[in-house]
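Colleague: Annotation source Swiss-Prot lists ATP binding site at Ala12, Tyr13, Ser14, Gly15, Gly16, Leu17, Asp18, Thr19, Ser20, Ala39, Gly122, citing sequence analysis. What Swiss-Prot records for Tyr92, Ser97, Asn128, Arg132, Ser182, Ser191, Glu267, Tyr279 is L-citrulline binding site, and it gives sequence analysis as the kind of evidence. What Swiss-Prot lists as L-aspartate binding site is Thr124, Asn128, Asp129, and the listing cites sequence analysis.
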Amino acid sequence: MAKRKISKAVLAYSGGLDTSIILKWLQDEYECEVVTFTADLGQGEEVEPARQKALDMGIKPENIFILDLREEFVRDFVFPMFRANAIYEGEYLLGTSIARPLISKKQIEIAHQTGADAVSHGATGKGNDQVRFELGYLALDPDIAVIAPWREWDLNSRTKLLAYAQEHGINIDNKGKPKPYSMDANLLHISYEGEHLENPYAEPEEDMWLWSVSPENAPDEPEYITISYKNGDPIAINREEMSPATILETLNTYGKKHGIGRIDIVENRMVGMKARGCYETPGGTIMLKAHRAIESITLDREEAHMKDELMPKYAKLIYNGMWWSPERKMLQAAIDATQENVEGTVKLKLYKGNVIVVGRKSEVSLYSEEHSTFEADDVYNQKDAEGFIRLNALRFIIEGKKQPERIKSLIGDYEETEVCRIETGSITICERIKRFFGFGKKTDKNA
């Protein structure tokens, strides 16, 4: 199929080997003008060098965009996701997945601003990111052209990439010393894939982990912190109010120090294969624990249970790149409605990889000490439980009377076996069972 004629393309550009080669390839293959977009999501690397690299490759200064998106990333993407307590397949806190919608959004905005008719990314044809990026592009601009070089070119090995870079005079720092892993980082996490991790039985080397100390080498003394919440979002640490990005940066500092947030998982990619990934999400791990703790005293029981039922669906939508979908927006509206009274303070103990909740309080707490006390109280009539239990057991009682053979299959024949002769008061256990289901005469009203 003939290539669509492209006049200008916005490239998600990091300044690294892959995207620098893509930049040159777009110029040669599509003969189009290229606009570079570099996002600062708190990945911990200098982003300004990408400007000079783009200039060196002939990009006009007005076509180079480097944006600090840290606050927007945490406020508008990370925090809403954490209101849902989203976890994919029980462990993954979606650090890569949640960054892609924002990058897609900014690329489309820049395309409209510069009059570009295409966008391009550096995701491979085997991973999830190609789907996440492109679903975002097409949700926000159905007419935009999408260029995915990894699905078009034949540069399918690092050797070929380096040869292409050398042939075209692309200056890549340390191009002869590739990183040992495929990595992605932002304020929420850092990920590692590839190399010896492709053997799912091989233990990661300790020097792979770049953010956190190992739990074994973490401080021998625990550290206590408090996190304050308002409308489901953290607003202060140790009573000091901070911006969203600063909140996450601060929690990352605590988590890294105490070896918190490391996971090693094999996940089911949306493209059909299983892939192993190692992740460090120190601040996010602390934040998730604290959020669930404050919800435990401020959410109604059924509200909390329904949220837990919705969470896997929500997490799957994020993982699969469906951030801009109607169903994600619908779920987000429902989740956000539950957060109106999720406010208060959580006290945490951080110790050798563990986040331990040791206290929680709220002015709108649904926890009532006078109702839940084990001591004498004047507000809870324990006799009220009898009717509640009888009503909940009504279907069991009817079933026991109408279908006695089924009950017998569950507890055996009603003979005074060795077990049944165990006495509780003046009657045996079997007699109690028979009376409960209406098979025996009840002579003791307290039985």
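Glycine is no exception: its Cβ is also placed from the backbone N, Cα and C atoms.
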Colleague: Pick out which of the binding-site residues Tyr92, Tyr279 has the most other Cβ atoms within 10 Å of its own Cβ.
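Modeller: Counting Cβ neighbours within 10 Å, the top one is Tyr279.
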Colleague: Cβ-Cβ under 8 Å from Ser14 (ATP binding site), same chain, 6 or more residues apart: which ones?
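Modeller: Expected: Thr38, Ala50, Gly122.
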Colleague: Between the Cα atoms of Asp18 (ATP binding site) and Ser191 (L-citrulline binding site), what distance do you get, rounded to the nearest Å?
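Modeller: Distance (Cα to Cα, whole Å): 18 Å.
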Colleague: Can you tell me the CA-to-CA distance separating Ala12 (ATP binding site) and Ser182 (L-citrulline binding site), as a whole number of Å?
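Modeller: Spelling it out, the Cα of Ala12 (ATP binding site) and the Cα of Ser182 (L-citrulline binding site) are 17 Å apart.
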Colleague: Relative to the Cβ of Ser191 (L-citrulline binding site), which residues of the same chain, six or more apart in sequence, are found under 8 Å away?
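Modeller: Listed in sequence order: Gly95, Thr96, Met183, Asp184, Ala185, Gly277, Cys278, Tyr279.
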Colleague: Other than its own, how many Cβ atoms are within 10 Å of the Cβ belonging to Glu267 (L-citrulline binding site)?
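Modeller: Step by step: centre on the Cβ of Glu267 (L-citrulline binding site), count other Cβ atoms within 10 Å, giving 17.
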Colleague: Starting from the Cβ centroid of Thr124, Asn128, Asp129, the recorded L-aspartate site, name every other residue in that chain with its Cβ within 8 Å, sequence order please.
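Modeller: Near the L-aspartate site, beyond Thr124, Asn128, Asp129, sit Ala123, Lys126, Gly127, Gln130, Val131, Arg132.
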Colleague: Of all the binding-site residues given, namely Gly16, Ser20, Thr124, which is spatially nearest to Arg132 (L-citrulline binding site) at the Cα level?
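Modeller: When the Cα distances are compared, Thr124 comes out closest.
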Colleague: By the count of other Cβ atoms within 10 Å, pick out the sparsest of the binding-site residues Gly16, Gly122.
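Modeller: So among Gly16, Gly122, the binding-site residues given, the one with the fewest Cβ atoms within 10 Å is Gly16.
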Colleague: For Ser20 (ATP binding site) and Thr124 (L-aspartate binding site), determine the Cα separation and express it in whole Å.
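Modeller: Per the Cα atoms, Ser20 (ATP binding site) and Thr124 (L-aspartate binding site) stand 15 Å apart.
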Colleague: Between Thr124 (L-aspartate binding site) and Glu267 (L-citrulline binding site), what is the CA-CA distance rounded to a whole number of Å?
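Modeller: Cα-Cα distance, Thr124 (L-aspartate binding site) to Glu267 (L-citrulline binding site): 17 Å.
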Colleague: In whole Å, how far is Ser97 (L-citrulline binding site) from Asp129 (L-aspartate binding site) when you measure between their Cα atoms?
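Modeller: So the Cα of Ser97 (L-citrulline binding site) lies 8 Å away from that of Asp129 (L-aspartate binding site).
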Colleague: With Gly16 (ATP binding site) as the reference Cα, tell me which of the binding-site residues Tyr92, Ser97, Asn128, Ser182, Glu267 is the closest one.
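Modeller: Nearest listed residue in space: Ser182.
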